[in-house]
Amino acid sequence: SPADFGHSKHVGLKMDEALLTVINELETKILVFWRSERCYQVSSNLPVYPALLDCPASQNFSVSTQHEITLQLNSAPEAQEICKVQFHFGEHGNYSLWMKNLNNVSLTNCSLVTNSEPVNSNMPILVAFFVFVGLALIFAVGCRVLSLVFGVVRGFVLRISGTMETERLINSELGSPRTDGLVTDNILPSPANANRRLRSLDTFRGISLVIMVFVNYGGGRYWFFRHSSWNGLTVADLVFPWFVFIMGTSIALSINSMLRGGASRSSLLKKVIWRSAQLFLIGVFIINPNYCLGPLSIDNLRIPGVLQRLAWSYLVVASLDLLVARGHLDILTTDAWWSPGLDIILYWPAWVCVLLMEIVWLCLTFLLPVPDCPTGYLGPGGIGDMGLHTNCTGGAAGYIDRRLLGEQHIYQSPSSKVIYATKMPFDPEGVLGSINSVLMAFLGLQAGKILLHYRDVPTSVISRFLIWGLLLGAVSAVLTECSTDKGFIPVNKNLWSLSYVTTLACFAFVLLVLIYYTIDVKKWWSGAPFYYPGMNSILVYVGHEVFEDYFPFRWHMANSQSHAEHLIQNILATSLWVVISYILYRKRIFWKI
């Protein structure tokens, strides 16, 4: 349980905590238990840090305010339940829970009283949201006004001069309007046709990256900007799969462009292998920062990580696409009966390979015997599942990582520790989940194929994106039974479960529709400011990891228990990377591997 019980007269409250005073006026000692609503299949009678109250007596506790919790009070000798209270406490609120006998001694009354109202811990993030929306509106209106003023002045000058020479001079000084032809992909080489680059893809990548940086810096210490403890989704769980998805889309466009430019498949395959190796090595370097404290210990070197998973997904999906990609799509007929499925049928060998990989994931996940654990176990272990499978965290996924990589080479502090008190190391970027990251990238590749085959018909692109979103959403609904914990395969970021991929891919297709329509079809939005970090994604990601603990990205705070101060620090750090990416964009500086 995330509740932190204290045993002093005065309890110093931290972030996401409230003060609860339990007052026992019964003629028996009382045991107090608690359970978070996020705990699944955890017995409320499980003695996790129980508090014993004498009779009569009162005692102060600090309780978590992140989620609703259930308080259960049992009589000490008989361990019989006296009362149970469900309540969502507010941050820094002051509450009292009274236990007393009514006129009839056999009846016990438990009443919860609010002594002082909690603070609104979400106010800082609401203020930040409206500030950024206001700045965006001011910027948009300002640009529009300047554009109108420039147009009026230019027209006036041209009417007075009546010569083309004046227009030439104005253009030479101020720059004539043009379509930005700058192309860089960060992972794959630039496509041959620069002018056809879709700004929506870089904007999508930039949105994912900016949220990822903000989350990694702390997200204001709000629980919804932290990864889910086990099953379920938070904002933090969205961005990495979206980054993998848009990488797959870029692969389709880049490989097609290079094949059209005359590059051979063998030379491209060599570049794919080399870039994958670079990504993997950079990933190992930035997640093992002990070099600042002395020589690295090979015995404790963590192997999996975000960039390592990107490298693997890129290697597999780009290699598959090189086997089946067509360099000249213009000669393909669209009159055949199968033309509506052109973007799938032409690449059926790659689809077969990915489906076979998914079958391997299903078989290993649900059929591989794991010592001392149920076959097909998908739970967190620890105190989950009534404490019956303490050392089974992640089931087959955790077992494979421990056997192949070793316990010391995987992540030692998984998010499941927060609620389920797990003791086993578990890596959310482990070996088995990498199969499903390939599926995520391949679904992004499918979005790229749609853009290639129907690039001149935006309505066809949008309709196909929406159909894919609907189909993947339906698959997720079946797999999860529209619940967090009770489906066949719950949505789980730690495991990168199949339903996690289908759900996030559904969201990605729908979000890509909105961005594609507003930026590339209607041109209502340029994609700024997300477009700029999206054009330099590897540099921003590596930079924010390496310089995370350096000023001006982090500084000593006056009050480390304030959401507002954490939020200001994290927003400023994230915004600084956006500014850096903009400056690099203007200087035409890009880091490509």
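Cβ coordinates are placed from backbone N, Cα and C, and glycine is handled just like the others.
Copied over from TrEMBL, here are the features:
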TRANSMEM  125-153  transmembrane segment
DOMAIN    197-316  domain 'Heparan-alpha-glucosaminide N-acetyltransferase catalytic'
TRANSMEM  206-224  transmembrane segment
TRANSMEM  239-260  transmembrane segment
TRANSMEM  272-291  transmembrane segment
TRANSMEM  311-332  transmembrane segment
TRANSMEM  344-368  transmembrane segment
TRANSMEM  431-452  transmembrane segment
TRANSMEM  461-479  transmembrane segment
TRANSMEM  499-518  transmembrane segment
TRANSMEM  530-547  transmembrane segment
TRANSMEM  567-585  transmembrane segment
Q: Using a Cβ-Cβ cut-off of under 8 Å, list the residues of the same chain that are 6+ residues beyond the ends of the transmembrane segment (239-260) and lie near it.
A: 185, 187-193, 198, 201, 204-205, 207-209, 211-212, 215, 268, 306, 309-310, 313-314, 317-318, 321-322, 325-329, 437, 440-449, 451-452, 500-501, 504-505, 507-508, 511-512, 537
**Q.** Remote residues contacting the transmembrane segment (206-224) - C-beta distance under 8 A, at least 6 residues beyond either end
**A.** 15-16, 66-67, 121-122, 124-125, 234-236, 238-240, 242-243, 246, 515, 527, 529-535, 537, 540-541, 544-545, 548, 553-554, 563, 566-567, 569-571, 573-574, 577-578
Q: Sort out the residues at least 6 away from either end of the transmembrane segment (344-368), same chain, that have Cβ-Cβ distances under 8 Å to it, and list them.
A: 320-321, 323-326, 332, 338, 375-376, 378, 395-397, 399-400, 432, 435-436, 438-439, 442, 446, 449, 498
Q. If you average the pLDDT over the domain 'Heparan-alpha-glucosaminide N-acetyltransferase catalytic' (197-316), what number do you get?
A. 89
(Q) Short question: most Cβ pairs under 8 Å with the transmembrane segment (530-547), which of 125-153, 311-332, 499-518, 567-585? (A) 567-585
Q: Mind pulling out the one from 125-153, 272-291, 499-518, 567-585 with the most Cβ pairs under 8 angstroms to the transmembrane segment (461-479)?
A: 499-518
Q. For the transmembrane segment (567-585), which partner among 125-153, 311-332, 499-518 gives the most CB pairs under 8 Å?
A. 125-153
Q: Find the member of 125-153, 311-332, 499-518 that has more C-beta pairs under 8 Å to the transmembrane segment (272-291) than any other listed stretch.
A: 311-332
Q. Which residues of the same chain, at least 6 past either end of the transmembrane segment (311-332), have a Cβ under 8 Å from a Cβ in it?
A. 187-188, 244, 247-248, 251-252, 255-256, 259-260, 265, 268-269, 272-273, 275-280, 283, 342, 346-347, 349-350, 353-354, 434, 437-438, 440-442, 445, 452-453
Q: Tally the residues of the domain 'Heparan-alpha-glucosaminide N-acetyltransferase catalytic' (197-316) by DSSP class, grouping H, G and I as helix, E and B as strand, and everything else as coil.
A: 89 helix, 1 strand, 30 coil
